[in-house]
Amino acid sequence: MFCIQCEQTIRTPAGNGCSYSQGMCGKLAATSDLQDLLIYMLQGVSVYAVKARELGIVDAEIDSFVPKAFFSTLTNVNFDDERIVAYAQQAAKYRASLKAAYELACERAGKVAEQVPEVAQLVLGTSKVEMLSQAPIALLNKDKHEIHEDILGLRLLCLYGLKGAAAYMEHARVLDQTDAEVAGRFHEIMAFLGESSVDGDKLFATAMEIGQLNYRIMAMLDAGETQSFGHPEPTVVNTKSVKGKAILVSGHDMKDLELILEQTVGKGINVYTHGEMLPALAYPAFKKYPHLVGNYGSAWQNQQKEFANFPGAVVMTSNCIIDPNVGSYSDRIFTRSIVGWPGVMHIIGDDFSAVIDKALALEGFNYDEIPHKITIGFARNALMAAAPAVVENVKNGSIKHFFLVGGCDGDKADRSYFTELAKSTPKDSIILTLGCGKYKFNKLEFGDINGIPRLLDVGQCNDAYSAIQLAIALAEVFECDINELPLSLVLSWFEQKAIVVLLTLLSLGVKNIRTGPTPPAFLTANLAKILEDKFGLRNTTTVEADLKTMLNVA
C-alpha cells in the first residue's frame, strides 16, 4: 500500500504516505492496492482509446466509463473491494474491445499496429487474490529509489488532479453533458501518466493542461446543472429539522436528489440536503417540492455523529463516505453510483423505493426545531446580476476588498483558521465561499454593504467556475488583470477535487493564492518553492499576518 492523496495521510520524518495495513481514512491496504491496479488498467484502456481515435474509432461508452471508474478511487468514495474488482474486470474487457477494433482498423488501412507500453499489456487476474498479487506493478511509488522525489511529486500532482477532473466529468455526464474532445484529451493524459514519465518539464506542463481541461469540464457541469434545474437564486434556507419522516441526501449528485424528490411526493417524507448538496436548495427546479425542507448537518467529517442522530434514511450520492458502523447507522445508509462500503445497501438504477421504505419504517423527527436561516444561491447568474451594484460600491469606496474563502472541510483543529479569517475580514469587504469549507462560518452573521450580503455562498466546489466568471467580469469592467483586482483567494484543501480546482486557477494565471491548513504531503519542498516562485502560491500562516499581507497593510 502507498497512498498520499489526501490531507489525512501519515507524515513522519521517515517519509510521508499511508503504507501499512490501513490508511488514515480507513481504507484497508488491500483496497488501496486494488484501486492502484484499477488505475493501471484504466490507463491501459486510455492507451488504446488514444490509438483507436487516431483511426477514427470513438467509443462513447468507454469514454464515460474510464472517468467514472477513476472517480471511485478518490478519497472517501469506494471502500468495497468487490466493486473495485468489478471495475477492473470491466476495464480489461473494454481494453480488449478497443485493442481488437484498433488492430482491425490497422489491418484494413494496411498499417502495422503500434507497440503499446507495458501499462496496456497486463493480463488481469481472474480473482481478487490474483489481482492483489499483481498490485505491486501498479504501486504509485514503485520506482521511488530510481527517480528524483520531485518527479514522483509531479506525477502524483498530475494523477490526483486528473482524479478531480474525472469526478467532475462524471458529475457532468449524469446531467447529459459530454464532450468527445474533452474525453480524448483525458485519455491522452491518462495514457501519458501510465508511461511513468521522468520528464519534469513535461509533467509540470501536463499539470497545467489538466487545469485547463478542468476549466472546460466545470463549464460543462455548470451548463448541465443550469439547463436541468435552472439558475440558482438567492434563497433563504432552514438548517434545522422539521417534524416528520425523513431522508437525508449527501454527496454532490443533484440528479439523484431530483429522483428522490419525485419518488417521495405524497409519501409524507421530508427530504433534507447535507454537506455539498446544500446548494441544491437554491435551484428553481427543486423549489416546487415543498417536502424539500432544508439542510441538515454540516460537512462530511461530522457525518458519523450527524447521521447517527438523523432518525431517517441516508443516501450517499458521491464522496465523502466514512465508516457508517461507528455511528451504528449502516442499516439505514445507502450508497449510489461510484460510492461503496462493504455491507451497505447499494442502489442500482433509478428506483429509490428501498430508501423510501426504510424512511417510512423509521421514527423521523418528533418535533419542529426552532428554525435557523441562512442565505445561499449566489452562483454565476446571481453574481452577474449583482455585478453592476458591486461595481458601483467598489467605485464609491463602500467595498474595498473581496475574499474567496472555501474548498474542502476537514477535522484538523487548525482549520479554525478559516473561521477566524472570515470573522476577521474588514466590514467593507465581501466574502465569497464555496465547497464544504463554507461550513466553518456559513451560519455566522456578516451583515451587508448597501444591501449586498457580505457573505455570498457561490455553491459546490465545482462552482469555483462561477467565482472565476465574476472575477473575469470585474477585471473587464475595471480594465485590469485578475491579479490586479482587490481579490484574495484562500483555499482549504483536503482531497483531489480541491487539487484540480487549484490547478485550474493556476492554469488561468491566477496568482498569490493561499492554501491550507497543511500543504499536500506529495509536494516536495522543491515543488512548493517552484509553485511559490511561479504563481505566488503559499501556505496559510496566521490570520493576522495573512490579512495584513492580503490587505497590503504595513
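Even glycines carry a Cβ here, placed using N, Cα and C.
The shown structure was predicted, so the numbers you read here are calculated from the model rather than taken from an experiment.
DSSP assigns Cys6 ([2Fe-2S] cluster binding site) to coil, not to a helix or a strand. For Cys6 ([2Fe-2S] cluster binding site), other Cβ atoms within 10 Å of its Cβ number 26. Annotation comment: Swiss-Prot describes Cys3, Cys6, Cys18, Cys25 as [2Fe-2S] cluster binding site, evidence class sequence analysis.
DSSP assigns Cys461 (hybrid [4Fe-2O-2S] cluster binding site) to a helix. Shown in sequence order, Glu276, Gly406, Gly407, Cys408, Leu434, Gly435, Cys436, Lys497, Ala498, Val501 are the residues of the chain, 6+ apart in sequence, with a C-beta less than 8 angstroms from the C-beta of Cys461 (hybrid [4Fe-2O-2S] cluster binding site). Swiss-Prot lists His252, Glu276, Cys320, Cys408, Cys436, Cys461, Glu495, Lys497 with the feature hybrid [4Fe-2O-2S] cluster binding site, giving sequence analysis as the kind of evidence.
According to Swiss-Prot, the feature cysteine persulfide maps to Cys408, an assignment based on sequence analysis. Other Cβ atoms within 10 Å of the Cβ of Cys408 (hybrid [4Fe-2O-2S] cluster binding site) number 28 in total over all chains.
Listed in chain order, the extra residues whose Cβ falls within 8 Å of the Cβ center of the hybrid [4Fe-2O-2S] cluster site residues His252, Glu276, Cys320, Cys408, Cys436, Cys461, Glu495, Lys497 are Gly275, Trp300, Asn319, Gly435, Gln460, Phe494, Ala498. Using a 10 Å Cα-Cα cut-off around His252 (hybrid [4Fe-2O-2S] cluster binding site), the binding-site residues Cys3, Cys6, Cys18, Cys25 reduce to an empty set. Geometry remark: Cys3 ([2Fe-2S] cluster binding site) versus Cys320 (hybrid [4Fe-2O-2S] cluster binding site), CA distance 17 Å. Straight-line distance linking the Cα atoms of Cys6 ([2Fe-2S] cluster binding site) and Glu495 (hybrid [4Fe-2O-2S] cluster binding site), rounded to a whole number, equals 5 Å. Between the CA atoms of Glu495 (hybrid [4Fe-2O-2S] cluster binding site) and Cys25 ([2Fe-2S] cluster binding site) there is a gap of 11 Å, rounded to the nearest whole number.
The secondary structure of Cys320 (hybrid [4Fe-2O-2S] cluster binding site), as reduced to three states from DSSP, is coil rather than helix or strand. Taking each of the binding-site residues Cys3, Cys436 in turn and counting other Cβ atoms within 10 Å of its Cβ gives the largest count for Cys436.
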